[in-house]
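Scroll down for the structure; my scribbles are underneath it.
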Amino acid sequence: MEGVKAKIAPSMLSSDFANLASEAERMLQFGADWLHMDIMDGHFVPNLTIGAPVIQSLRKHTNAYLDCHLMVTNPLDYVEPLAKAGASGFTFHVEVSQEYWQELVQKIKSKGMTPGVALRPGTPVEQVFPLVEAEVPVELVLVMTVEPGFGGQKFMPEMMDKVRVLREKYPSLDIEVDGGLGPTTIDVAASAGANCIVAGSSVFGAPSPRDVISILRKSVEGAQCKS
């Protein structure tokens, strides 16, 4: 697994939203590489979370990589506002973008953000192959290991088959997993080939978030040494 770095991304959905700037700073001090921002529109998923105004407010307080996961029905509408707000990564869902993903990826890149594509548990992994192999490709694939929309769900180990297929096919791709990741589930994800780890409740709910972030990183790095 040459060339893919371990990136630990605490999910800010599990943070105290009333103290977002200090929570972000705390996570970075504890060793986080990215901050994972869940943007939900109340339509693609039932929950409603944050949008560009919150990203813009947070950006004033941090230089961190803001890894934005868009659980929205119309991702094209979000490219401009999120770019202006200071988003770093823009990951959209393959299920809503079949008709226009080429245009979407180009737009994301032209605004200086990193394009990524996410897939729900029920979506076959083959659906993202064309996006990774395109002339202007996505640079990250997010394999949801729970149904998107809510934090605190149980990890679905059967999703690791998707991660294995992707890692075998694309050795240098950033492969992200999100949902139910923590010290008890990280090893199976890391050994399948995931290198970007989103963790919410397991980090924010821990007595020592620093230790959890360190466990997640060591697991990914250990799995890479073995592969």
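Heads up, the Cβ atoms here are built off N, Cα and C, so glycines get one too.
Features as listed in TrEMBL:
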| type | residues | note |
| --- | --- | --- |
| BINDING | SER11, HIS69, GLY149, PHE150, GLY151, GLY152, GLY180, GLY200, SER201 | substrate binding site |
| BINDING | HIS36, ASP38, HIS69, ASP178 | divalent metal cation binding site |
| ACT_SITE | ASP38 | active site, proton acceptor |
| ACT_SITE | ASP178 | active site, proton donor |
Spatial neighbours of HIS69 (divalent metal cation binding site) that are distant in sequence (at least 6 apart) but have CB under 8 A:
HIS36, MET37, ASP38, ILE39, THR91, ALA118, LEU142, PRO148, ASP178, VAL198
Among all protein chains shown, how many Cβ atoms are found within 10 Å of the Cβ of ASP38 (divalent metal cation binding site), not counting that one?
24
For the recorded divalent metal cation site, whose residues are HIS36, ASP38, HIS69, ASP178, find every other residue on that chain with a C-beta no more than 8 angstroms from the centre of their C-beta atoms, and list them by sequence position.
ALA9, SER11, LEU13, MET37, ASP67, CYS68, THR91, LEU142, VAL198
Looking only at SER11, HIS69, GLY149, PHE150, GLY151, GLY152, GLY180, GLY200, SER201, which the record lists for substrate, tell me the maximum pairwise CA distance in angstrom.
17
Output the one of GLY149, GLY151, GLY180 that, of all these binding-site residues, has the highest number of other Cβ atoms within 10 Å of its Cβ.
GLY180
Between SER11, SER201, which of the binding-site residues has its C-beta surrounded by the fewest other C-beta atoms within 10 Å?
SER201
At a 10 Å cut-off from the C-beta of HIS36 (divalent metal cation binding site), count the other C-beta atoms across all protein chains.
29
